[in-house]
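Peer 1: The feature active site is assigned by Swiss-Prot to Asp57. If you look up Swiss-Prot, you'll see Lys26, Gly27, Gly28, Val29, Gly30, Lys31, Thr32, Thr33, Glu243, Asn270 marked as ATP binding site. The Zn(2+) binding site annotation in Swiss-Prot covers Cys280, Cys283.
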Amino acid sequence: MDFELEPTLESIIHQDSLKWIFVGGKGGVGKTTTSSSVAVQLALAYPNDEFLLISTDPAHNLSDAFCQKFGKDARKVEGLSNLSCMEIDPDAAMSDLQTQAQQYNNDPNDPLKSMMSDMTGSIPGIDEALSFMEVLKHIKNQRAADDGSESNAIQYKTIIFDTAPTGHTLRFLQLPATLEKLLAKFKDLSGKFGPMLNMLGGGTNQQQDIFSKMNEIQKSVSEVNEQFTNPDMTTFICVCISEFLSLYETERMIQELMSYNMDVNSIVVNQLLFAEEDDCKRCQSRWKMQKKYLDQMGELYEDYHLVKMPLLGSEIRGVNNLKKFSKFLLKPYDPKVDKALVFELEEAK
């Protein structure tokens with residue numbers, strides 16, 4: 001390319017049309033800190049709009065990052081009133097689903113109900129499925145707002161996902177396309193076998209309810225699929241550290257995301273030492289290795305926003321510390337000017 005893209009996330013923060021932002025990468029590279037920082041900057045940039053940060057990682061860290069307890073329902077961040085957070089809880093969600101299912105079947109001794117209760121907690125991919133249900137819920141609220149329907153639900157300008165490590169995230173992002181195909185097949189089969197089931201007797205109204213619900217879900221899933229593959233509405237921010245394994249996994253993830261037609265044009269590189277003028281030999285040696293992989297990333301991702309974030313002297317916890325750290329997503333870190341901040345973070349309460 002003849003020009004280098006800005007090494008910041010400014011284009012994402014100020015892209016007014018974005019509805020969904022995914023933040024993902026290998027385990028332990030700083031996804032939660034990055035997603036929290038993105039959410040904080042969005043909330044600061046648009047003080048009159050509401051934002052939601054959702055953790056889809058089974059091992060949640062949002063409560064630790066903000067020093068505030070979050071759960072399965074969206075809760076406002078203390079000190080940032082237009083940002084809410086929630087952590088997907090599979091156990092609580094499955095309990096809610098079973099309660100809803102009782103309206104169709106009140107028999108407590110039903111072996112099928114008992115079997116489903118035992119199975120759901122251990123189904124592979126249940127976290128991804130529940131996260132997707134949360135997406136469907138917000139799509140429904142979005143549609144109600146567009147139609148002018150009355151809704152008590154908060155309308156979020158943008159929803160940010162603090163995702164699980166790469167494999168879980170890729171499974172989650174495959175769900176819309178896979179579900180759309182499955183529901184189309186189901187619709188086709190129900191058209192063929194529906195009359196036969198009616199002839200066998202009973203359950204006509206219940207069948208109509210089920211088919212109506214399936215049509216509604218199919219419409220929402222198609223809408224999700226459409227929005228997730230629209231670069232004006234959805235983008236993915238890759239997070240990594242400057243090491244071989246992380247770089248390798250980032251490349252694999254980008255190739256996979258491109259195969260889903262998902263927009264990805266930003267990479268955040270965390271935990272950089274910037275140790276040119278440091279007397280510590282270990283730091284200099286580590287920085288030399290980091291620079292080698294940074295150079296490779298610069299060549300490999302010249303048409304990406306490559307954001308370089310420093311390793312700080314203490315943990316980045318609490319809204320005030322996140323505000324300080326997240327500024328470097330918009331203004332590149334300069335070790336000569338900003339070095340003092342590395343050791344200036346407040347002690348998390």
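Glycine too: its Cβ is placed from the backbone N, Cα and C atoms.
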Peer 1: Taking Cα-Cα distance, which of the recorded positions Asp57, Cys280, Cys283 are within 10 Å of Gly28 (ATP binding site)?
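Peer 2: So far as Cα distances go, none of the recorded positions lies within 10 Å of Gly28 (ATP binding site).
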Peer 1: Can you tell me which of the recorded positions Asp57, Cys280, Cys283 is spatially closest to Thr32 (ATP binding site)? Compare CA atoms only.
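Peer 2: Checking each of Asp57, Cys280, Cys283 against Thr32 (ATP binding site), the shortest Cα distance is to Asp57.
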Peer 1: Determine the most Cβ-crowded residue among the binding-site residues Gly28, Gly30, using a 10 Å radius around each Cβ and all protein chains in the structure.
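Peer 2: Comparing the binding-site residues Gly28, Gly30, the most crowded Cβ belongs to Gly30.
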Peer 1: How big is the gap, in Å, between the Cα of Glu243 (ATP binding site) and that of Cys280 (Zn(2+) binding site), rounded to a whole number?
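Peer 2: If we compare the Cα positions of Glu243 (ATP binding site) and Cys280 (Zn(2+) binding site), the gap is 20 Å.
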Peer 1: Relative to the Cα of Cys283 (Zn(2+) binding site), which of the recorded positions Lys26, Gly30, Asp57 has the closest Cα?
Peer 2: Gly30
Peer 1: Given Lys26 (ATP binding site) and Cys280 (Zn(2+) binding site), what distance in Å do their CA atoms have, once rounded to a whole number?
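Peer 2: It is 28 Å, counting Cα to Cα.
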Peer 1: Mind telling me which of the recorded positions Asp57, Glu243 has the densest Cβ neighbourhood, counting other Cβ atoms within 10 Å?
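Peer 2: Sorting the candidates by Cβ neighbours within 10 Å, the top entry is Asp57.
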Peer 1: Cα-Cα separation of Gly30 (ATP binding site) and Asp57 (active site), in Å?
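Peer 2: Just about 13 Å between their Cα atoms.
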Peer 1: Roughly how many Å lie between the Cα atoms of Asp57 (active site) and Cys280 (Zn(2+) binding site), rounded to a whole value?
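Peer 2: Taking the Cα atoms only, Asp57 (active site) lies 36 Å from Cys280 (Zn(2+) binding site).
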